[in-house]
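Listed in Swiss-Prot:
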REGION    66-185  region 'Disordered'
COMPBIAS  107-122  compositional bias 'Polar residues'
COMPBIAS  128-143  compositional bias 'Low complexity'
COMPBIAS  161-185  compositional bias 'Basic and acidic residues'
ZN_FING   334-357  zinc finger
ZN_FING   364-387  zinc finger
ZN_FING   423-445  zinc finger
ZN_FING   451-474  zinc finger
COMPBIAS  499-520  compositional bias 'Polar residues'
REGION    499-542  region 'Disordered'
Amino acid sequence: MGDIFLCKKVESPKKNLRESKQREEDDEDPDLIYVGVEHVHRDAEVLFVGMISNSKPVVSNILNRVTPGSNSRRKKGHFRQYPAHVSQPANHVTSMAKAIMPVSLSEGRSTDSPVTMKSSSEPGYKMSSPQVVSPSSSDSLPPGTQCLVGAMVSGGGRNESSPDSKRLSTSDINSRDSKRVKLRDGIPGVPSLAVVPSDMSSTISTNTPSQGICNSSNHVQNGVTFPWPDANGKAHFNLTDPERASESALAMTDISSLASQNKTFDPKKENPIVLLSDFYYGQHKGDGQPEQKTHTTFKCLSCVKVLKNIKFMNHMKHHLEFEKQRNDSWEDHTTCQHCHRQFPTPFQLQCHIDSVHIAMGPSAVCKICELSFETDQVLLQHMKDHHKPGEMPYVCQVCHYRSSVFADVETHFRTCHENTKNLLCLFCLKLFKTAIPYMNHCWRHSRRRVLQCSKCRLQFLTLKEEIEHKTKDHQTFKKPEQLQGLPSETKVIIQTSVQPGSSGMASVIVSNTDPQSSPVKTKKKTAMNTRDSRLPCSKDSS
C-alpha cells in the first residue's frame with residue numbers, strides 16, 4: 001500500500017511536467033515567428049518591419065528540446081495559402097504592407113497629419129505582385145497575417161510621390177482594427193507598435209516601379225476618384241512630411257507672389273513733377289560787379305530840369321503820360337500804362353490791368369509776357385507752346401543781369417545802377433548815356449506804331465531789333481536744377497502747384513529739351529526781315 005502511494009506521488013510530477021510542455025507547445029503555435037527591422041535602402045533611411053518566411057524553429061528552454069513539427073506545420077500552413085504575401089529576399093520590398101505609426105512617432109505628430117507608406121520606386125527594386133489590399137481580401141486573411149506591418153519612414157525626402165500610387169481611405173483601415181493583434185506584449189526586442197487611431201488622417205499606398213511616367217488614369221483618396229493630370233500638365237506632389245509640405249507650400253506661395261509682383265511692377269520710373277515757376281522762370285545775377293557812382297546829371301529839354309539818371313527816367317515817364325492825356329486819342333484809352341501793350345477795347349484793357357498788374361490773389365498769369373488766361377490748364381499750354389525752360393528774355397545791358405520777369409530787371413537797375421551815367425528805356429531796355437537821344441527815343445515809342453514782341457512785353461522801333469531780341473533772348477539760358485542729370489528724352493510733368501492728394505490738378509507733360517530752330521533757317525529769316533525793315537525807315541527819312 002505504501003509503494004502504491006509512493007508511485008502516485010512520483011507520477012504526479014511527471015504529469016504536471018507533460019501539461020507544462022503541452023502548454024508551451026500550444027504557446028508556440030502563433031504564425032508570427034520573428035518581426036525584425038531591416039534596412040532595405042540606407043540612402044533613403046527606410047525602416048521596414050516585415051515578415052521573414054525562412055524562419056528557424058523555436059528552441060525550447062525546457063530540457064533543450066526542439067519542438068517537433070513546428071517548422072513543417074508553419075510551411076504547410078498559411079504561407080502556402082497566401083503565396084502573394086510571402087516576403088521577397090533582402091534586395092526586394094514586400095509588395096503588401098499596411099501603414100501603422102510607431103508609438104514613438106505617433107506621439108510626436110499631430111493627429112491630423114497624414115501617414116504615408118510607400119515602397120521604393122527605383123528601377124533596381126522589383127515587386128512580385130503589386131496590389132492594393134481591399135476590405136474583402138483582408139477579411140479572408142488570418143489574424144496573424146493581418147498584423148504584419150511594413151512601416152517605412154522616408155528620412156531623405158526622395159521619391160516622395162509617384163503618379164501611379166494607389167491609396168485606401170482611413171475608413172478601410174479602421175474597419176479592420178478589431179481583427180488586429182498587438183505584437184508589443186508577445187515579442188521581446190521589437191519596437192512597440194500601435195494601431196493608428198480612427199481620428200488620425202492616414203494613407204496607405206503601394207507604388208509600382210516607375211520612372212516618372214504616370215501609368216494609371218486616376219487615383220483614389222478618401223473614397224473619391226480623382227483623375228491624374230496628363231503628362232503635359234502640372235506634376236502632382238504628395239509630400240510625406242506635413243511640416244515639409246507646409247514649408248514647401250509657403251515657399252511656392254512666396255515665389256508665386258513675387259512673380260505676380262514682378263508682372264504688375266512697372267520698371268520705368270514715374271515722370272518727375274516740376275512746378276511751373278521752377279521750370280520756366282529764373283534769374284541770373286550777371287557779372288556781380290557794382291558800377292562806379294558818377295552822380296551824372298541830365299537836363300530835360302521841355303521843362304529845363306536837371307536830374308540824375310533815375311529821377312530823370314521818372315520825369316520822362318510823366319511827360320509821356322501827360323502827352324497821352326492831352327491828345328485824348330483812341331489808342332490812349334486802349335493802351336496799358338504799365339506794360340504799354342495795346343488792347344482792342346478799353347474794357348479788355350481794364351480786365352488786363354485788374355488781373356495782371358493789380359491782382360491781389362494768385363491768377364493764371366504768364367510772368368514772361370504778362371498776359372492772363374482763364375484757367376491754369378490754358379496757362380500751362382501757353383507756356384509749353386511759346387516758352388522754353390529757363391527762359392530769361394529781360395536783360396540788363398550794363399551788368400548782364402537776366403530774369404524772366406520784367407519788373408525784376410527794372411528794380412535791379414533802379415537799385416544797382418542808381419547815380420550812374422546810364423539811362424534805361426522802359427520800352428525796350430535799351431541804354432543811353434545822354435539826355436537828348438534818350439528823350440527822342442522815348443517820344444518815338446509813344447507817337448509812332450511800335451513792334452510788339454509776341455513772347456514778352458518789350459516793344460521795338462525796328463524789325464531788326466525785334467528779330468535780334470527773339471533770337472538771342474528767347475532761348476534757354478539756364479537749365480532748371482530739377483532737369484540737371486536727366487536724359488534729354490525724359491518727360492516732365494509741369495504743374496502750377498504741388499499739393500498732396502490733388503489728382504485733378506492742371507498739368508502738362510513737356511520734354512526735357514525742346515527742339516531748337518535750325519541756324520540756317522534763322523539766318524535766312526533774319527536777312528529777309530532785315531531787308532523788309534529798311535523800307536519804312538527810308539520813307540520816314542524822306
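We count from 1, first residue shown onward.
Cβ coordinates are placed from backbone N, Cα and C, and glycine is handled just like the others.
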Counts of helix, strand and coil residues, the zinc finger (451-474), according to DSSP: 11 helix, 4 strand, 9 coil
DSSP-derived helix, strand and coil totals, residue by residue, for the zinc finger (334-357): 12 helix, 2 strand, 10 coil
DSSP-derived helix, strand and coil totals, residue by residue, for the zinc finger (364-387): 11 helix, 4 strand, 9 coil
Within the zinc finger (423-445), residues counted as helix, strand or coil by DSSP: 11 helix, 4 strand, 8 coil
Segment-level pLDDT (mean, integer) for the zinc finger (364-387): 92
